[in-house]
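**Student:** Below you'll find the structure I mean.
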Amino acid sequence: MANEVSEDLAHPVQCPVCCKEFAASKINAHLDACLLNNDTCASSTSEYENGPPSKKTRISDDASFPKRPTVKANPSDAKQSKGTAPLSPVFHMFQSKRNNNGPVQIERDVLGSNKHIAVNAVSKGIKSNTLKIEPDVGHVEDPSVLNTLKTPRQTAHAWTLLTDKPLAEKLRPSTLEEYFGQNKLVGEHTLLRSLLDSQEIPSLILWGPPGCGKTTLAHIIASCCKKTGTARFVTLSATSTSTNEVREAIKQAHNELKLMKRKTILFIDEIHRFNKSQQDTFLPHVECGTVTLIGATTENPSFQVNSALLSRCRVLVLDKLSVEAMASILLRAVALLGINVLEQVSNSRPDEDESDADELRSEPKVYIEQKALDTIAHLCDGDARAGLNGLQLAVQARVGGARFGQSAAGSPPKDIVVLEEHVKEGLQRSHILYDKAGEEHYNCISALHKSMRGSHQNASLYWLGRMLEGGEDPLYVARRLVRFASEDVGMADPCALPQAVSAFQACHFIGMPECEVVLAQCVVYLARAPKSVEVLTAYSNVKASLRNHKGPLPSVPLQLRNAPTRLMKDLGYSKGYKYNPAYSGHVEQEYLPEELRHMDFFTWKPSDP
C-alpha cells in the first residue's frame, strides 16, 4: 500500500494556471504562489523543497487574478511542447499524467464566437470556481481551433427559417410602405394617415378578422412614436394581463405625463377578453387623456366592448386581406429570405459571383414555384399570419429533409424546390374564417336564412357548406331549418315542417360528416318550396295586440268555458256552446271576447306605439 501511495505522489501533475508539471506533493504549494502571480511562478519541480510558504490572503480582483492569464514560453519546456499548439489558459480538472507523450489536452465546448466557455476547476485545498472566458480568435494559433471558433457569415437565406420564431412575427412590417391590404384605412389622403403623420393619435379600437394586420398597425404606430419621441408605447395582452398590471401601467403613464410631459399609448391586444368591470378601468384615464388607448379585437365591439369605453374611442374596421395583398406579402417574404421564385429566374442556374461560390458549395439554394405562392394566397382566406406560417412550414419541411438526406461530404449540395403539393400538404385544407361563438357565426346563419327565403338554392348550399366546414354544430343548423319551415314556408307547403324535423332527427342519429347530405337535402327542399308568412304575421299581430292592450284583458266567454262540476254549470259555464260535429254545416258562434269580435289578426296591423 505504501508503495502505491509513493508511486502516485511521484506522478507529475499539471498546473491549471501555468500548464507546467509538478510532483503531486508539491502542487498545492505551487498553486498558492501561482494564483497570486502567475508570471513569476516556479519553473521547476525542485522549488519549495523546505515546505510551502506562509499562506496569504487571496484577492480575486483583476490585478492579482486576471481572467485571461498569459502563458510565457519557458526554454526548459521547449522540447516537451514542440509540435503541439499552446494550450488555452482555461481551468481543468487536475489530471495525473501516466505517459510522457505530451501535455494533457483540455476539452472545449465551443458554442460560438459570441458565447462564453465555462469550465470548473476542482482540486484539493482549492475552492471550486467557474470562469467564463470569451474565446479570442486572434490569440488562437491552432488552425483547427480557429475554424471551430469562426462564426459563419450571416446571409438572407432560407436556412434562417429554421428558428423557433414564427415567420409572421419575424417579418412584421415596421412602416406603412410595407403594410399591404388596408389602403382604404391607411392609404394616401386618409384620415388615419394624416393623424399618423401629424403624431396626433386618438384612442382607437381596431376591429377585424385574424391576420388582417391589427397588431401590425399598432406596431407601426409604435415605431413612428419611437422615431419622433413624442410618446411612449406600452403593449399588454388581455389574455395574460391582470387588472393590477393595467393600473400599474396607467400609474406610470400618469407620472410620465406629469414629469416628462410625454404621452403614453397603451395597446391592449384581444381587448374583448377583458370583462366589463376590467374595461371600466380605462374610462377615466382615456377621458382625461392620461393614456391613448388602442385596442385590437376580432369580435364585434358593439357586443364585446363596454359602450362607455366605445364612445371614447374611434372604431376602425379592417377588412380581410385580398388575394392580391396576400401575394404581395408572400413575395416580400421570399425576397427577404433569399428564396428564388421559379418563374422569375431562367431555367439554367443564374450566374453567381466568385464571392458567393463557397457559400453555394456549402449550402443549397432554395426555390419555390409561383404556383405554390398562388395556392397559399388563395387557401389562407385573407389571413396573413396563416399564409406566412404555411410558407414557413413548407420550406422548413423541405430544408429539413434536404439536411437529413444530405449527400457525402465534399460533394456539391442539391438545390431545394418547394412545389404546390408541399404547400397543400402543410396547409391540409382551406383556412376558413368561422367562429362558432362570434360575429361570423351569426353572419353565416343569417345569410343561409335569407338565401332560402329568396329561393336561391345555390347560395343556400354555399352558406350551409361554409358553416359545416368551419366546424358548426349540425344540430344547430337543423334547429334553424325547423324554425324556417314554419316561419317562411308555413302553410304554403305543410310538408316542409315534417321534412325539417326528419332532418333534425337524422342528424341526431348519425352525426357528422354523414349528416351533411341530409342537411343539404333539407336546405334545397326549403329553398325550392313556396313561401308564406301569413302564420308568422298573424301570430305577431296577436302578440302585439296582447302587449298593447290597455286595462285588464277580456274574460273568456262563458260558452267557451268547460263545466266539469255542477256549480260551474249553475254559473252558466259552457251554456249555449254548439258542438260542431253535431251539425252538418257551418256553425255560427262567437269565439273571441266581445271587445275583439271584429278583429282579424291576418289583416290587422298594430298601430305604432
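Glycine too: its Cβ is placed from the backbone N, Cα and C atoms.
No curator has checked TrEMBL annotations; they are predicted automatically.
The domain 'UBZ4-type' feature in TrEMBL is assigned to 12-35. The region 'Disordered' annotation in TrEMBL covers 44-85. Sequence annotations record features per position, and here TrEMBL assigns domain 'AAA+ ATPase' to 200-321.
I'd like these features described in context: how deep, what's nearby, how far apart.
**Tutor:** According to DSSP, the secondary structure content of the domain 'UBZ4-type' (12-35) in residues is 9 helix, 6 strand, 9 coil.
Mean model confidence of the domain 'AAA+ ATPase' (200-321) amounts to 89 (pLDDT, 0 to 100 scale).
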**Student:** Could you tell me how many residues in the domain 'AAA+ ATPase' (200-321) are helical, how many are strand and how many are coil under DSSP?
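**Tutor:** Helix (H, G, I), strand (E, B), coil: 56 helix, 29 strand, 37 coil.
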